[in-house]
């Protein structure tokens, strides 16, 4: 980004609008009379407070009833939200957003002050937000969150009602994705203060500025409706009149409801996926979550032992794990960064950074490397332990890896499945030989994964260390933060190093398999953050 | 009677106190936290959140705070629903559970008694065999299997009733049947056995000898006397329905407390688990108390009084 680059999002959206209207006119003939979508969530809606939302259900609801500065769209591309346009200063630290004139569902205007208020509220310690850490690049975040500085010192200011200026403590190229997430939504001060501790604990004690507004939620009941918000600035584009959401916790019931046409979608479990996978209604939704194997390299066998790490990686048949063992729509990984998470033009990061030896299966080579590794360490055999979660997926994974490891001469692999908390504790303190870890990206950028394995990152449980890797990630986060091409190159290079050195072994990319009725169109899915966007969805005629 | 009642209520409160204490400390042994995003939070951020929930204090202090709160009707704040008092969570969800439980109890016990009595009266005929087979099926098919069968055949294939969800009488029919099956079978078996005994007893012979009509004998002498043991099993039946409702509410997507209980356990939401446990205990103890009182009404011999003391 050279100088204050102005992204003329407004113009782009104008053109897109024309295009869509043209399509709309054509589609209208096929629109069903009732534009009501019947959606399902598998858990209750716990809150509608943007500062307190941590789960996908409230994430989905907030994403559709509220709108931040930018809005995430198909293929994780950003489109204008409350901000018509924005510009970034040369040093990448000052972001200026120009806001449009838009309204809350109670008719009051959405202003820059609403963003300032909402952001400060999320960060201040008494709110105890579990997503406040996403603000860590915003000036003074850390001291405010620890209670050492007043929330008013946060690096965000309103210049008049329709301009918002954000100051970062260091450049963050993906800040644009963060401002589209629910932790960065605007909050109407009058409403928040009027309802106090009841704010957003039911659909009436809240106010909305997105394509829909929430109705029929009393705080604990398990159905609610998103109704079209006529006050929304882009309401002309919203075709759905309502999205009726129902909570179904039993997979069998969900399937029956789907088959009887009472609901329009079904997230399948493993058994259902196997039965239904050839149906034309089946869609695989990639999520940005990766399961991977970490080696304890603090001391002991794996330290500086790239042959041993590679041997283990090569001996695990990942396609067999995903297709035969998990069989739930998950896919074999191409690298640590999931496919379809980050793109440059039409190039997928995972393709660009692909290292064949990092994820492939080759038993002969694995044996050769393993023998070499054993010889070098002066042993004829070794017993290692594999740690993982006690979830069904965790158990299946370790059993599979154990069976694969039996083919490496002189290796005896024992396994331990423990609850999530215990696994985290033991990983952090280094009490393991190998551990199955998982990570979900918060935003669609490769660095959400790459930053994990720098030498001193707390999530680098195995203490894998590599100077080139550290330098690449440091450049991407610092010197090249404002140069998209150089930054992309840094991260690709880092990922290649990680795979060539086999710092970790990617095991599988967790996907979700969804059945969707053929008359439902335009529902957008996102691999990170909130999952669904209904603002462009519609129901075609199917009677 | 009043003295007896007071004594019973005192024991009830004592039991409740023990239940609260034991549940509290058992919950503390479980690895649950209100942290939803633990992996990504720094230790200081984690501490901040735990402090908001009062979880950084010593356990005995948390216990006293909790018991103090319960005495004032404050069950704390749910971990899953932010800012939602647990008392509101339960009061807004108890309606469907009570409705289903009551319906299932009535649907189970009343026809159970009739069918059991019929079996005993028509002993060793095809009527008896049929009712026995039905009640054995009722006992041996678990409620969740019956629930799925009902959903599949009556809901999905025949479109007679809704498969799941909540919103009017039609939605309660299938879950009520699923819940009522086992109490029905239990009551029917019990009534039959008792009635067969009673029908063979001397006073029935006497009543018949006095020339009372067949149905008069059955209604006035046989049925009433057979009902005493049946009242005994109402307590266990209520427990049966409560535990059954956890599964049934989940399967039929009913917004009740049973369904909430399961969710709370899965998410380690212990303020809610504690409160639901207390509610279940109270319901059970009240049912047992009522059973004891009803006992006295049906059979004066059982009535406990202070006279003998």
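Every residue, even glycine, has its Cβ placed from backbone N, Cα and C.
Keep in mind that what you see is a predicted model, and the values were worked out from it rather than measured.
Marked as transmembrane segment by TrEMBL: B:9-27 (among others).
Under the heading domain 'ABC transmembrane type-1', TrEMBL lists B:94-291.
Taken from TrEMBL, the feature transmembrane segment applies to B:98-121 (among others).
Look at TrEMBL and you will find B:133-154 (among others) tagged as transmembrane segment. Here the transmembrane segment (B:133-154) has Cβ contacts under 8 Å with residues 112, 115-116, 160-161, 163-164, 174-175, 177-179, 181-182, 184-186, 188-189, 192, 244, 247-248, 251-252 of the same chain, all six or more residues outside its ends.
What TrEMBL records for B:166-185 (among others) is transmembrane segment. Same-chain neighbours of the transmembrane segment (B:166-185): 96, 99-101, 103-105, 107-109, 111-112, 115, 134-139, 141, 143-144, 146-147, 150-151, 154-155, 237, 240-241, 244-245, 248-249, 251-255, counting only residues six or more beyond its ends whose CB sits under 8 Å from a CB of the stretch.
For B:227-252 (among others), the entry in TrEMBL reads transmembrane segment. Counting same-chain residues at least six beyond the ends of the transmembrane segment (B:227-252), those with a Cβ under 8 angstroms from any Cβ of the stretch are 96-97, 100-101, 104-105, 108-109, 113, 143-144, 147-148, 151, 164-166, 171, 174-175, 178-179, 182-183, 186-187, 190-191, 194, 258-259, 261-262, 280, 283-284, 287-288, 291, 294-295, 298-299, 302.
What TrEMBL records for B:272-298 (among others) is transmembrane segment.
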Close approaches to the transmembrane segment (B:272-298) from elsewhere in its chain (Cβ under 8 angstroms; 6 or more beyond its ends): 1, 5, 8-9, 12, 15-16, 19-20, 23-24, 27, 66, 70, 75-76, 78-80, 86-87, 89-90, 94, 224, 227-228, 231-232, 234-235, 238-239, 242, 257, 260-261, 264-265, 304
